[in-house]
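Data first, discussion second: the structure below is written as structure tokens.
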Amino acid sequence: MARQTLVLLISSIVFNLCGLFASGSDDHSRPMILPLYLSSPNANWHHRQIFDGRRLQRSEPNSHMRLYDDLLANGYYTTRLWIGTPPQQFALIVDTGSTVTYVPCFDCEQCGRHQDPRFQPDLSSTYQPVKCDINCNCDKKEAQCTYERRYAEMSSSSGVLGEDVLSFGNESELVPQRAVFGCENIETGDLYSQRADGIMGLGRGRLSVMDQLVDKGVISDSFSLCYGGMGVGGGAMVLGSIKLPPDMVFTHSDPFRSPYYNIELKEIHVAGKPLKLNSKIFDGKHGTVLDSGTTYAYLPKDAFHAFKDAVTRKVNFLKQIHGPDPNYQDICFSGAGRDVTQLSKVFPQVDMVFTKGQKFSLSPENYLFPHTKVSGAYCLGIFANGDSTTLLGGIVTRNTLVTYDRANDKIGFWKTNCSELWKRLNYSNAPPPVPSAFDGRNTSVEISPSIAPSGLPDTVIPGVLQVGLISFDMMLSINNTIKPNFTELAESIAHELELNISQVRLMNYTHTGNNFVIRWAIVPAESANCFSNTKATGIIRRLKEHQMHIPQKFGSYQLVKLKVEPQMKRSWWKQHYWAVVVAVIVTSVLGLLALGTWLVWKYRLQDIVSYEPVAARAIVPEQELQPL
């Protein structure tokens, strides 16, 4: 279980781009909305909050792009970003604690096996290296600027800097923009082992995506994050400003206090009572920092023990048990029930109190995570930090719209249902697609435009459509030309899509070199004529959003075609097949019974009829025939 996915940066960027980015644009500043979606559509529970009718209104036109993965399952959320012309796709962690956006480079000396193929500058007609000058550290050839990032959990990323076109997908109104990003040569630690390709930096800094887009004048200097609740996921990310609700709770964020997004946390209340702590305890080192790249929350040692003791006293009727991972001394409680919507009746409310007494309330889902081995048990997602910094990760802001108003140096909190936020934003008009050159295809391998995944339907399945067959083509890029074990691969696909192995059928395959294009068919269960709408939705979403995790020995895969076919109208014979079979069987059985009964009756009748012996008959004189 990951303690920290991407935590506070402990070395600064070794590159200064003052004056490198041109500001100003003919395009108006427009916020960019990015909805988040749950990694698994078949969660064990669903958290639904009652809305009070307040609507989040837009002050400007919005564009959006999707986010994927789940906070607790993966430790992060990712978004799809396309780089180059034609575009190459990457899954990047959304991280407010990082400034540089980087992806693995094609010649990376030490990069892990990630979700997508590495970036190939030679395949992009718009790529330009950032040439070495006095404002940056240079590579060994003194030709290109370099970057290096190190994180507190001992992971790191380093490489060269390049400039290319960044595209935000077909659903975005924001047209592709040129930006500087990192092309990785070496990655270590969690960055090496994670499935995501790299990082999308939203922190403060000249290399941040936010800073670059703001400098171009294409968005306002504000963005928001909204993570879905426990077991639900979903939500939205907003790049740019929107008209926020009047009851949003704001706190000052001092950009000079630290290079991270900090807030002025003064007190923590548990069940209405403040923890007996000096308010300065939350102001040590970097202060209280919000970091979307960190999964859990970390308090200074004294604050953690005070918080743990206060919560434990309130739930002393629950049994305290060991955590799911023996390597960590988690504080866990059993007997709370599986319904997460009822946790507030068991666990206390926690309040964060800011300067001037502003108070923001946390639900139990904001400081608990489900025990993975004991049903109905939950563990504290708040831990003791190794230093005096208070670090608040994504768990604290679930079902909370957090607005980073950088222009006004403040951060706001508003409790809401993040899974439904996208609908509440009233996006009734679909935005126009980006130019066809930026259709979202990953061109590391050649894919026909007619079967590119950008043409896949966004919404899942209309309620009137009964899906009878789902077929898709997947491209495998493996390290050798040996034919993969299709039976094992089918078992892996069935497991990932939560199907029976009999529902996954190999249609055909072709291969060129190390690339195999395999066509699969997903059929309904034997007892069903079609998929349920929910099941079909889940299968299609997982395929579209690249959520299948196949064994590494099969290499990386890419979805190149997806086809959904409605339930076929069957002939009268097929529709009544079983009825006819049953009728034939019943008729045959009845016929055999009738025949058997008749034969028995006839046999017994022969035994009952008596015949007189010949001697007992009357002797009749033989008569001659009369002449004609």
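Keep in mind that glycine also has a Cβ here, set from the backbone N, Cα and C atoms.
Computed from a predicted structure; not experimentally measured.
Under the heading active site, TrEMBL lists D95, D291. Annotation comment: TrEMBL describes 77-414 as domain 'Peptidase A1'. The signal peptide annotation in TrEMBL covers 1-24. Sequence annotations record features per position, and here TrEMBL assigns transmembrane segment to 577-601.
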At the Cα level, what's the spacing in Å between D291 (active site) and D95 (active site), rounded?
7
For the domain 'Peptidase A1' (77-414), mean pLDDT (0 to 100):
90
When a 10 Å sphere is centred on the Cβ of D95 (active site), how many other Cβ atoms does it contain?
26
How many other Cβ atoms sit within 10 Å of the Cβ of D291 (active site)?
25
